[in-house]
Amino acid sequence: MMRILLFLATNLAVVLIASITLSLFGFNGFMAANGVDLNLSQLLVFCAVFGFAGSLFSLFISKWMAKMSTGTQIITQPRTRHEQWLLQTVEQLSREAGIKMPEVGIFPAYEANAFATGWNKNDALVAVSQGLLERFKEDEVRAVLAHEIGHVANGDMVTLALIQGVVNTFVMFFARIIGNFVDKVIFKNEEGQGMAYYIATIFAELVLGILASAIVMWFSRKREFRADDAGARLAGTGAMINALQRLRAEQGLPVHMPDTLNAFGINGGIKQGFARMFMSHPPLEERIDALRRRG
């Protein structure tokens, strides 16, 4: 909770500074001179409220959504040796990472994958695919689990949700400025907000939203390297490298993980060219090289 409060305080300061900066550069005067009467400070606060509300709401329901979207079955009473080992391993890794034991689950998927989610590092969920348990060696599965525990211990779910809140705020803010400019300056509408405002605002939100998602994914890729480093500390560098090499060998298999969980999975798939900007994970080769340099 302290992380959320500190981050919100920081971003309120960012909103305030942005508002002051726009005023100092005469942006209000420029808009008014062109017939656009906007209170930028009020607009910025309005966008911040709605931008963060959606992001934080998604964070708070993330465990429930993950269970529903993947069909994850939570292990309460282990019925097999695999389930018993899984619970014991997660408990041990959590203790070493200094967090409370998360919920542990298995989701039905052939591809080797895993994810972690939850609004709080002491109220999280770690789940692995059936395919991962069946085909990977125990030390490789342990490394994957250590990677996911690393996400939880590092507070990555909260961090990315708050970063998403920031970009949501500015996407909404600038989209509405563009919408007003198009409506009042280009189409010369003087009676409220015309159709041009709504069309331009929606179009601007789509374009700016795509650009903003590249920023969020950049942060996500940086967090993956940190989670790999945590996995190497908890399970051993060799085991972490072996797990990533096994994942690389299976990259041809289709990924059935929902896009909303990809940022916190172990395997984010492959994209080429311009689409690489929107990858939630760095290429596996880069992650393996980073671990080798770690030694």
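For all residues, glycine too, the Cβ spot is worked out from N, Cα and C.
Listed by Swiss-Prot as binding Zn(2+) are H147, H151; the candidate from E83, E91, E224 that the record includes in that site is E224.
Summarising the environment of H151 (Zn(2+) binding site), the number of other Cβ atoms within 10 Å of its Cβ, over all protein chains shown, is 30. Across the structure, E148 (active site) and E224 (Zn(2+) binding site) place their CA atoms 10 angstrom apart.
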